[in-house]
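Novice: Just passing along the structure, written as structure tokens.
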């Protein structure tokens, strides 16, 4: 009896197991339950993800475009395009394009700062200098394609002058006013190295101009162009070596020099956090760069008409007005960091941008012009070359002590006023003669 009960008990257990595994009813129940659960799960995830994506997109747009009152000038961009399509008022097209680029350049610098939270201080400083100069480079590419070589030369020269005198002067002046009870200090070695690179750039611009105006060329009109292209390749190689040196040997270049204040700086850095994610920063950098490119084309095409309509020399527009708009990001960033007593970062932005334009932007345009068949050279004429030479000397003397105050900033600003007044009364007969003849 016990054996029979054991066998019946064993069979009942096996039968129950078999029923649970092979019964059609149980299979249908399990299948339906398994099918139903994932459907509800994936549907919820899709709803949540769509809502999350939309919420993040609207939040990103709100932060980037609606968080600053200056961004209302973004509407000037579409207005410039509309005025260009409907009328022929080049002065209004130029003015509206100029106003429309100002907030875009500022937002470009802001997006670069957001990306710098994820890349570190050194790479972040280089990115800030690079994208801060993106506006000038985009304008230069459009002007070079249109054959306006003097506009390219003068706008790049104006960017260097604006960064070294206006941006750095405002940073020194603002930081000196806020911290009037002490002298602000910065890394003297990095400042001297950047000054040396700027003097090398002046050398590259000086020799072709001297060759041309002394008529000591081997082949007049050709030797200066060949020398410019050779010097541009050397300057690009030097700038590449400079970047390698920065990324390998100067890890703390964009960090404050005072180690005693490292704890305070770390506390202040902890309070700062990125407002958008890394991929949002990259996306906005792409969108803003494309929109700046569109407006730059309208801006360049309206320069000559605006010069006639507003009775302003083309040289003044190229050297003073265009760089002020393009340097909006550097201007705001350098002053902000100087007020926070982070003068090394201000120098990295202002002097770093000048170094990048002189050692990379100008030689790059010469090489691109070489590829495009445009005779872009380093002969910036005697007046412009002398202005750059004196500016580099003045800034080098200001940086040699490794300290700053509001009086040094005021002197740089007054020097910039002299430069601006000089270009307002300067007539450049070659400004409108560089357009290629139509065949």
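Heads up, the Cβ atoms here are built off N, Cα and C, so glycines get one too.
What TrEMBL records for 91-247, 283-423 is domain 'Sodium/calcium exchanger membrane region'. Positions annotated as transmembrane segment by TrEMBL: 92-110, 122-144, 156-179, 191-214, 226-245, 282-300, 307-325, 345-370, 382-400, 406-427.
Where in this structure would I find these features, and how exposed are they?
Specialist: Distant neighbours of the transmembrane segment (156-179): 133, 136, 140, 198, 318-320, 322-324, 326-327, 330-331, 334-335, 337-339, 341, 343, 346-347, 349-351, 353-354, 357-358, 361-362, 365, 380, 384, 387-388, 391-392, 394-395, 398, 404-413, 415-416, 419; these residues of the same chain sit at least 6 beyond its ends, with a Cβ under 8 Å from one of its Cβ atoms.
Within its own chain, the transmembrane segment (191-214) has Cβ neighbours under 8 Å at 160, 164, 223-224, 227-228, 231-232, 234-235, 238-239, 242, 347, 351-352, 354-355, 358-359, 362-363, 377-382, 385, 388-389, 392, 395-396, 399-400, 402, counting only residues six or more beyond its boundaries.
Within the chain carrying the transmembrane segment (226-245), a Cβ under 8 angstroms from the stretch's Cβ atoms is held by residues 126, 197, 200-201, 204, 207-208, 211, 355-356, 359-360, 362-364, 366-367, 370, 376-379, all 6 or more beyond its ends.
Within its own chain, the transmembrane segment (282-300) is flanked in space by residues 60, 64, 77, 80-81, 84, 93-94, 97-98, 100-101, 104-105, 107-108, 111-112, 115, 131, 134-135, 138-139, 142-143, 146, 148, 151, 276, 322, which lie at least six positions past its ends and keep a Cβ under 8 Å from the stretch.
Sequence-distant contacts of the transmembrane segment (345-370) (same chain, six or more residues past either end, CB-CB distance under 8 Å): 121, 125-126, 128-130, 132-133, 136-137, 140-141, 144, 149, 152-153, 156, 159-160, 163-164, 167-168, 171, 175, 186-187, 190-191, 194-195, 197-198, 200-202, 204-205, 228-229, 231-233, 235-236, 238-239, 242, 253-254, 256, 327, 330, 333-335, 337-338, 376-378, 395, 399.
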Novice: For the transmembrane segment (382-400), find every same-chain residue at least 6 residues outside the stretch whose CB is under 8 Å from a CB in it, and list them.
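Specialist: Distant contacts of the transmembrane segment (382-400): 153-154, 157, 160-161, 164-165, 168, 172, 188, 191-192, 195, 198-199, 202, 205-206, 209, 213, 319, 347, 351, 408, 411-412, 415, 419, 422, 426.
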Novice: Report, as numbers and ranges, every residue of the chain located at least six residues beyond the transmembrane segment (92-110) whose Cβ falls under 8 Å of a Cβ in that stretch; write 'none' if there are none.
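Specialist: Same-chain residues near the transmembrane segment (92-110) but 6 or more away: 64-65, 68, 70-80, 83-84, 128, 131-132, 134-135, 284-285, 288-289, 291-292, 295-296, 298-299, 301-303, 305-306, 321-322, 325-330, 332-333.
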Novice: DSSP-wise, what's the residue breakdown of the domain 'Sodium/calcium exchanger membrane region' (283-423) into helix, strand and coil?
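Specialist: Counts, helix then strand then coil: 119 helix, 2 strand, 20 coil.
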